[in-house]
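Taken straight from TrEMBL:
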DOMAIN    195-621  domain 'Anoctamin transmembrane'
TRANSMEM  212-232  transmembrane segment
TRANSMEM  238-256  transmembrane segment
TRANSMEM  309-332  transmembrane segment
TRANSMEM  352-372  transmembrane segment
TRANSMEM  395-416  transmembrane segment
TRANSMEM  496-519  transmembrane segment
TRANSMEM  586-608  transmembrane segment
Amino acid sequence: MVESWSFLDTAESNFRPLVVIELAKGTKEETIEWFTKRIVDKKANGGAQLLIKPLVTENGVENIYLVGASHLRLLLGAETVGLVKECSDNSMRTFTYSSRKTFKHFADDNHNFLTMAECQYIIKHELENLRAKDEKMIPGYPQAKLYPGKSIVRRLLTSGILVQIFPLHDREELKKLCHSWYGRVKIGYQPLDDIRCYFGETIALYFGFLEYFTFALIPMAVIGIPYYMFAWEDYDKYVMFATFNLLWSTVILEVWKRICAILTYRWGTLLMKRQFEEPRPGFHGVLGINPVTGREEPVYSSIKRQLRIYLVSLPFVCLCLYFSLYVMMIYFDLEQWALDYHKENESNFSSLMLYVPSIIYAVVIEIMNRIYRYAAEFLTSWENHRLESSYQNHLILKVLVFNFLNCFASLFYIAFVLFDMKLLRQSLATLLITSQILNQFAESLLPYWLQKRYNRRMKKRMCSKKTDTDLSLAEQVNMEKEMGTYLGTFDDYLELFLQFGYVSLFSCVYPLAAVFAVLNNITEIYSDALKMCRVYKRPFAEPTANIGVWQLAFETMSVISVVTNCILIGMSPEVDALFPDSKMDLVLTVALVEHLLLAIKFIMAFVIPDKPRDIQMKLAKLEFESLEALKQQVRMQLHFLLIHH
């Protein structure tokens, strides 16, 4: 390791720690030497060409290493990952090192041109793309096999040699962000640009969507309160409310597309090219050549993947859905028992007992959802998807199907099999409120309390020792490495998706659903901000241009809500009385109204553009300039050939 560290000594004065690598205690010296050498080796030799140094504490050198990169290396990395930055003419363009002078705020001595989150994303990209070439095993660990194309970081993680990799917090910037974000209770917008600079586009976009969705729910909540108070049993009066709900759900999703385009254009991710996405770290296969990029990367048969999906994953999901329905029938048995008990006793206690089955079922639903989530993650990883986007899409599909059935099957059964609107209202309210309380407790309050206890113990331990300024970084790393790991926005979007279902699917039965959703989301904004800044380790930034498959999920839910609300209105006694002679006329009328509303939805979705006109013009201009530049390049090549002939 002497040669490696001597290389680092030359850049010691400019070393800025960005990412932490924690190895297991007792990791063999030859393994550390090999791994660190691969990190600092040149790209041409299969390395990452980064800087690395051990974390020095008062106990000496531990198995914790700090990773950074030179300013030049980060700029070249920005070009590799395709970052888009603002030019001096206010246009957004993909960054290239050769044209670096044309970008706004760029200077050779300006090390803040790239945000800290972007620098950490570049380092993560380089570490994840360290792949085995000729190695057959990890040095020092013969049982940890390697083969050409295998991700080194992934193998180290699965072998237990590498404990974790995480980006460091910037304590000063974090303090400023906390103050402007949730430091004081205020009515106003979140600092989305600051959130994006610190946590990246994916998390900023989630908070942008949460804020937008909360504001969008306010009209539904305001209209729902008088409907709840003055027209509880008159279902025919809910026709206007349900119609407004259906048009509302379409408009808010289409308007969100426009807001999303504005945000991601300003952040540069709307222009990022995703078609040449690198293989995900967990992807494995025989090392081959990508026919599109010409680069070496693992290759895996799509037929094998399809067999795994249809012969293993699909039957497992179907089995889980059957089990969910079985649990639902047990819930209805409990409901019947509670109802019989109330009829026999007619007391305050028996009245409370009517809500017990729904509360128990809501808790069981949350437990089943979380257990199934782990199984779905394991199966999706085992399917061996090449791209992270493909992996996420398959995981989201599995989880959405199960969660939709698990959360809403009982409501559909009550509405369309039992025809019990009173029980439907009671179950909907109980499921919605219980799930919100459980989520707030499990996702924010409990982790915050546990983290606060740990931080108190750590500070006491540090204060009992004589620490100087050199150990402040060691203190920070030791505190952060024990913090929980943020697993991404998946669960947060899933919570909003289910909430959207509770609000829209049975809006004409329980108008107060939007009120509870607004109250929950206001607290959710502050609790999610708190957990991002104080509870979890800083997550790596992930560029994104939209909310991905979740947009389609919300749109699908809005289409289903049209059908359910039309059927519920058609089932009301007042509407049923309008067709005393022929029930077929009632069915046809409801179907006609449902088709008309769906037609209006799709027309509105078509009429409202996904991107504002000014952004469309900017994108078209960039495409035109790219084509002109390509033509100019071809002309120069032809001119060169003609001269030499």
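One is the number of the first residue shown, and numbering goes on along the chain from there.
Note: Cβ is positioned from N, Cα and C throughout, glycine not excepted.
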Long-range neighbours of the transmembrane segment (238-256), counting only residues six or more past its ends (CB under 8 A): 209, 212-213, 216, 219-220, 223-224, 227, 231, 500, 504, 507-509, 511, 551, 554-555, 557-558, 561-562, 565-566, 568-569, 572, 597, 600-601, 604-605, 608, 610
Stretch with greatest number of CB pairs under 8 Å, the transmembrane segment (352-372) reference, 212-232, 309-332, 496-519, 586-608 candidates: 309-332
Same-chain residues near the transmembrane segment (586-608), Cβ under 8 Å, at least 6 residues beyond its ends: 243, 246-247, 250-251, 253-255, 257-258, 555, 558-559, 562-563, 566-567, 569-570, 575-576, 578-579
